[in-house]
Every structure is written in structure tokens, then in C-alpha cells.
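Chemist: First, the structure itself, so that you have it in front of you.
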Amino acid sequence: MKVDIMGTLWVNVICFCALIDRYELLPTPSNETSDINNFIDDWDYRIEPHDMPLLNFSATRHSLPPSPQVHNIQVLVKKKRKPKLPKKLGDAAYSFVDCRWCDIGVTMLIDELKIGSSFEILKKKVTDMCVDFNINTKEVCEGIFDVFGPTVIAAAKMSKLNAKQACSMVLGESCKGNISNPLHQWNISFPDVPKPSVGRISPPKVGSTTFKILHLSDTHLDPDYVEGSVSNCLEPLCCRNESSEGIPEPIPAGKWGAYAKCDTPRILLENMLEHISEQHPDIDFIFWTGDLPPHDIWKQTKEYNLDIIKQTTQQMIEYFPSTPIFPAVGNHESIPPGTFAPPWVQQENSTSWLFNELSAHWKRWLPASSTTTVMRGGFYSVLLRPRLRLISINTNYCHTYNWWLLVNSTDPAKELKWLIYELQEAENKEERVLLIGHIPPGSYDCMKVWSENFNRIVARYESTISAQFYGHSHADEFEIFYDPEDLSRPTNVAYLGPSVTTFENYNPAYRIYYVDGDHPKSKGIVLDHETWTMDLEEANRVGEPTWYRLYSARKDLDIESLLPEDWNGLLKKLIDNPDAFYQFYRYYYRDSPTRPKCDNKCKLQILCDLRSGRSHVRHTLCHDLEQKFGSDK
């Protein structure tokens, strides 16, 4: 799984941990805590579930993917020279930051905090450290402080955590030892209803109706992308006019994109959407799982992000005017990126500015009943067809860089309580549920306690949740969920759709799913999926992209069906068979010629990611992999 650019911000704000009262130096001003102390959350999560089907009756029998085209076989054997790319800023951040450095950062600012240093003084201190350690340019370091500083300071002054506890929450398993954090240990509760018995699902009869679903994720439109600009710049995002020059071996940005730290040119996104609308006119509906703005996190504003959301939404409407679209909110939609304030955070720090805008855009696809939950926290539940429900959750409420969680991480916005209610109602009505979101619950940047509770929900409602769909990682992969009481038994699968953006080393791609359709015995299970991509290097050379089917799951991964036990069997094959892993690794990067060489450390990371539907328990879930491939530390 890729290292998200959000990891880079930790370097620039690490000294803010000092604001979290390590030595009880900062008494919390009463006006800073008024929001959380005086806020009474009387929101009733037991909303009447939406029960009017959004989709017209569909008796379509979509053909499942055929054998791979000859083009795919040629891709398998072609070899290309890997261009030399600069070290990722995210990698530099993660190699620099651990709990030890976090504590050092605290110590460095203790004196400044004692004397009540101003925002500008703190900014200069952090910027100087950022530049001195060659983290990035002065402009980027200052910009990140300006974007993230006010929110981090406000949240830190309200937090009751010490530095070790805060660092443990943000950095997770990289913090060694058992760090007690009682303020952030919580459990959701379930209705007093017995769990239905679980048995293996039988595939539908051949010729049964199916749904054909498009999955788009991580488009990261960059309106400032410039062909010919520096693609291997020093900033976190390149391929722009302002990208730093003076690189010893500059690599110019191509017309259609670049494999470096660059996002999606407008012409590439439009070309892909046009291709999809022509190649797949029979799509029944679309999953759109977030991350619309580019990765220029050091210079973004609310107005800028809202404009990107508006532009991208208009593109979707233009190319899919009559196709139902079901969105999920990504971490990059907010300002600062990843920061989604719970309802008790009000006034200037509230996220209502974003939820209001999303509600205005999404209402063309969603029923009026969804407005309440979208406005509250960016989540909703809708009935697609009788006995098939879709629930979109805001997994940014588990994001470790959501700084408000350092104050109170307990079920932000009551989202999980609401989710349990929706799932229980679905179980009562014998509905099957498709879950969509942005950040996968097993991701390294999903908070451990939230992920634990979410896994309990998935295990309890495994007979109701047919499958899950996320983005965020940019890779073409999956996550397996296991029974918390029996880690050998898989309960569910999360499909992580590939990114449209090439950031970083990927070919752009989209996913097509074939789901058990509109018939009385439908279980809403995924029958097959296929990934479509294009060769960016070739497109830049010949002047036009050619989109093609890279692989289909059943045929090219050689699995009987796409049930959890079958994905678990595939994972065992990837562990034991180097050729099978190599093929999967090609698909992971969509056969990009710049994909890194995958050594044992790389294999360990990817294979453990596939097994980790639960975050920050890698050494429990992947102990056997560590023994086989060596420690990932």
C-alpha cells in the first residue's frame, strides 16, 4: 500500500505535540473547551431507513468478463527501463518520524510554550526545523504550517492526552510498548438480537440477472498540471509551472500525465470518462469513493477545494447524465486535508462548509431523506432495489490525521451507532448491504480503536454485508476481514479500487464490478470484477491513450468465486507461489514500467495489507509472514 502524502504533514507539525500538555504546562482555557463541554448531542441516530428503491427494475444479464485480450498477454512480457525517480517525501517522513522523534519535538518546544510563544514564532521554529532536516522547501514548510497550524493548535489545547499517548494514537504500531490510553478506549453496543447462522453462499444460477457497477476513486484532478514542466521536483506535488527547477536530471511532464509525484491532467480525466461512457453504456450505477482535489496540501483553501469538487461533479454529470452515482467523501476534500470535525466542533472549525456543499451536489442522486445524515457527517443509506441497500460511510472519522480525534475519538458523529441501526434494520428486512467509503478500515492511517469496533460490526452483520468498496491506497488490491474470535475464518472482503491519478508510479485505472442482480434469491454478492487501464508511457509517446482490460479477477487470478474464503485462498497462493505474487504485483501497479522492485520487505508489506481488514494489529495478523519474509522494520 502506498504511503499517503498526508504522512508528510506529520513532519511539519510534529512539534505541535508539545501543545498536548506533556508536563501539564498548558492549562486549557475555558473558552477553548466550551464547545465540547457545553455541547449536548441529542441527535437521534434511529432515522427511519430509506425504503423507496432508487433504481428501476433491472432484468439485465450482463456478460461476465471474457478471457484476457492478446494485448494483455503482450503487456505481461514487455520490459521497460525504469526511470530514476526522486525519493518520495512520504518515505522521508516515515523514516524520520517515530515516537522517539515525537518526544524530542515536544522537548524542543517546552520553553516556547512556557512563555506563550505566538503563532508566528512557532511557525518559524517548525519551518526552520523542516528546512534544516531537508524535509522540503521553505515555501512548502510554511504553507503546511499555515494550513494545518490553526486546527492542530486548537485541537491540541483541548486534548487531555500526554505526548506519548498522542503519538501512539497518530503513529500506531510504530510506537513500541503498551502505552495506556484510557480516554480513547471505547466499545460500541449491539441490539439484543441473536446473530443469524452463517453458511457458505451458493453462486447464482448461470444466466441470472446482474448489476454492472463502475468504481471510480482518487481522481485528484489538478487544474494546474502543465505539460513539459518538471515532474521530479522537490515539492510534494510536481508537474506545475511553479515546480522547482534546478533538478540535476529533470524529467518533463508528459501530455497525459507522469509517473512521478503528479496528479491528473484535465484532459486525461475527460478522456477516461468519455471512454467509459462509450465502452460501458450499460452501467447500472457508479461508486465514486472520493479524493477529488490534488495533493497540493500546503496551499489549499476551502474555496479552492470546493471549486475542484464542483468541477469534477460537473464532469461526472456531463458524461453520465442519467446514471445513478453514489459518492463517498475522501480525506482530501476537507481543509486541512483529513480533518473532519465532529458535531461538537462548531463555528470556524466546523466541517459544515464541506457537508453543506456535498449535500447540494449529491442531492441530484440521493433521496431527500439522505440530507440529514450527509449534513451531519457525510454518510447516508439508500435502498437500491428491494432487498439490496447501499450505505456510504465517512471513514475519515477514523483518520489518524483527523486532529479533533485527539480530543475525543469516541464514535465521532455517532456514525457507528447509526450504522448498526441501519444494518440491524436491513437484517430484519432480509436486505443485503453494499458498503462504500474512502479510507479502508485496515489502513495504517485508520485509528486502531475505530477499526476494532468497525470489525466487530462487520463480524456481527456478516450475513447482511455483501461486500465493501474503498479507495485511498491508489493500488489495485483488497482487504480481508476475519472473525475477531477466530482469526482463521474470513468474514468479509473490502475491494480497494485503483486510482485514476498516477501519483505515484501507477497507470491510471478504473474498476468494473458484476454483482448478483435483481432476482428473488439474490445475495448481492460480487460475481467478478475487472480493472481497465491505459499505458501512460505509450500515450505520451503516440499522443493518445488506449484503454484496455488489464485483467478480470476470476479468470486471471484463478479463483472460483469472489467469496471471502476464496479471497483467503488466493492470499495463501500469493504467499506460497512467487509467480502468482509477481502477477498480482503487476496488477497492483497496473503494469506500470516504473513500479519499484518488490523485495521480501515489499512482499511482507503488501501481503500483510491484504490480510489486514483491521488496523494496527499487523504483528498479530501477520506473524507467520514476518517469519517467512523477515521483519518489516
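Counting begins at 1 with the first residue displayed.
Cβ coordinates come from backbone N, Cα and C, glycine included.
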Chemist: Between Cys233, Cys262, which residue forms the disulfide that TrEMBL gives for Cys239?
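Modeler: Between Cys239 and the options Cys233, Cys262, TrEMBL records the bond with Cys262.
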Chemist: Going by TrEMBL, tell me which one of Cys102, Cys141 is disulfide-bonded to Cys130.
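Modeler: According to the record, the bonded cysteine is Cys141.
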Chemist: What residue among Cys175, Cys233 is stated in TrEMBL to be the disulfide partner of Cys238?
Modeler: Cys233
Chemist: Excluding Asp291, Asn331, His438, His472, which residues of the same chain place their Cβ within 8 Å of the centroid of the Cβ atoms of the recorded Zn(2+) 2 site?
Modeler: Ser217, Asp218, Thr289, Gly290, Gly330, His332, Thr395, Asn396, Ile439, Gly471
Chemist: Taking the recorded Zn(2+) 1 site as Asp218, His220, Asp291, His474, identify the other residues of that chain whose CB atom sits within 8 Å of the mean position of the site's CB atoms, giving them in sequence order.
Modeler: Ser217, Thr219, Asp263, Gly330, His332, Gly471, His472, Ser499, Val500, Thr501, Phe503
Chemist: Go through Asp218, Asp291, the listed binding-site residues, and name the one with the sparsest Cβ surroundings, counting other Cβ atoms within 10 Å.
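Modeler: Looking at the binding-site residues Asp218, Asp291, the Cβ with the fewest others within 10 Å is that of Asp218.
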Chemist: I'd like to know which of the disulfide-bonded residues Cys446, Cys608 has the most other Cβ atoms within 10 Å of its Cβ.
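Modeler: For the disulfide-bonded residues Cys446, Cys608, the Cβ with the most other Cβ atoms within 10 Å is Cys446.
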Chemist: Of the disulfide-bonded residues Cys130, Cys141, Cys238, Cys262, which one has its Cα closest to the Cα of His474 (Zn(2+) 1 binding site)?
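Modeler: For His474 (Zn(2+) 1 binding site), the closest Cα among Cys130, Cys141, Cys238, Cys262 is found at Cys262.
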Chemist: Tell me, which recorded positions from Cys238, Cys239, His438, Cys622 are within 10 Å of Asp291 (Zn(2+) 1 binding site) if we use the C-alpha atoms?
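Modeler: Those near Asp291 (Zn(2+) 1 binding site) - Cα within 10 Å - are His438, in sequence order.
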Chemist: List the recorded positions among Cys141, Asp218, His220, Cys239, Asn331, Cys446 whose C-alpha is within 10 Å of the C-alpha of Cys608 (disulfide bond), in sequence order, or say none.
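Modeler: Within 10 Å Cα-Cα: none.
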Chemist: Counting other Cβ atoms within 10 Å of each residue's Cβ, which of the disulfide-bonded residues Cys233, Cys262 comes out lowest?
Modeler: Cys233
